[in-house]
């Protein structure tokens, strides 16, 4: 009798253990199936909703050839070329159809109609305040003017290089430059920048920190000023904050999708003498023609050779992007 009871109890315990094992196995299998299903669902959702950042943006994200986007139906754009020229050019040409004529000429060089954009600017100083370099390849035509030689040089330094910049609060803090690649760049309708170098006791060196008139003036009524001071020394800065902003910038390297073409002048502007220009090459050329039609004809003729020394980038440059990351 006792043997039968013990057997019954043993069978009951074995059944409970077996049932528990089966339930755990089923739970593990269900967890595996559910997690796999969720993983596949998330992956498919991310793939179908993916955005190829920079590929669907006009002009800035174009590609060399036409490809089909793997996640969307739109096709990529073709390479784009922006030609920036002064108002003087269109005034001298005085032809309402001159852009269409040039577009047809660019077509003979392999640039499809609609891939070349003509951008007019009023003056070098105005263009330097808000450069808009949105195309895959950007050619900036600058008419040489001896009185604006320094402005042209600073603009070339700005647009031919990439800069990493951060805002500066000159009312609260002192600032110093850490090396040759570190510059302060001020931009605005009228920038007057004064500095007072400080010693280790934060006393002015040759100036009084409480007297702005004793500060050293390094830019006056400029629209663009790239400021270089002695490295490793704190400076108190004064500038016209109502009409100007200033940023603490580091030169990262060449912006290879931009070239500057100087029109006229006895010498080509040279920014490679700056020790921060590395490598010591530049995409600056000169054409010596008196008439703008001749200038544009020359550019059409040599456009493919010019582009060969450039590299297309998807990043664009405007004043806002320049301030934070170019």
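Every residue, even glycine, has its Cβ placed from backbone N, Cα and C.
The signal peptide feature in Swiss-Prot is assigned to 1-50.
What Swiss-Prot lists as N-linked glycosylation site is 69 (among others).
Residue 135 (disulfide bond) carries neither a helix nor a strand DSSP state and counts as coil. Per Swiss-Prot, the feature disulfide bond maps to 82-135 (among others); the stated evidence is sequence analysis.
Its own atom aside, the Cβ of residue 214 (Ca(2+) 1 binding site) has 13 Cβ atoms within 10 angstroms in the protein chains shown. Taken from Swiss-Prot, the feature Ca(2+) 1 binding site covers 95, 206, 214, 216, and the record attributes it to sequence analysis.
The local packing around residue 165 (disulfide bond), expressed as other Cβ atoms within 10 Å of its Cβ over all shown chains, amounts to 19. In the three-state DSSP assignment, the secondary structure recorded for residue 165 (disulfide bond) is strand. Positions annotated as disulfide bond by Swiss-Prot, on the basis of sequence analysis: 165-249 (among others).
Taking all protein chains in view, 12 other C-beta atoms sit within 10 angstroms of the C-beta of residue 301 (Ca(2+) 2 binding site). Taken from Swiss-Prot, the feature Ca(2+) 2 binding site covers 177, 228, 229, 231, 301, and the record attributes it to sequence analysis.
The DSSP secondary structure for residue 191 (disulfide bond) is strand. For residue 191 (disulfide bond), the same-chain residues 6+ apart in sequence whose C-beta sits under 8 angstroms from its C-beta are 219, 221, 222, 223, 224, 225, 239, 240, 243, 244, 246. The annotation disulfide bond is assigned in Swiss-Prot to 191-244 (among others).
Annotation comment: Swiss-Prot describes 196-207 (among others) as disulfide bond. Cβ-based neighbour count (10 Å, all protein chains) for residue 207 (disulfide bond) stands at 20.
Annotation for residue 238 (N-linked glycosylation site): spatial neighbours 170, 193, 194, 195, 196, 212, 215, criterion Cβ-Cβ under 8 Å with sequence separation of six or more. Residues annotated as N-linked glycosylation site in Swiss-Prot, with sequence analysis given as evidence: 238 (among others).
Classification of residue 301 (Ca(2+) 2 binding site) by DSSP places it within a helix.
Other Cβ atoms within 10 Å of the Cβ of residue 196 (disulfide bond), summed over all protein chains shown, number 23.
Residue 214 (Ca(2+) 1 binding site) carries a helical DSSP state (H, G or I).
Among the recorded positions 82, 135, 165, 177, 249, not one has its Cα within 10 Å of the Cα of residue 207 (disulfide bond). The Cβ of residue 216 (Ca(2+) 1 binding site) has 15 other Cβ atoms within 10 Å, all protein chains considered.
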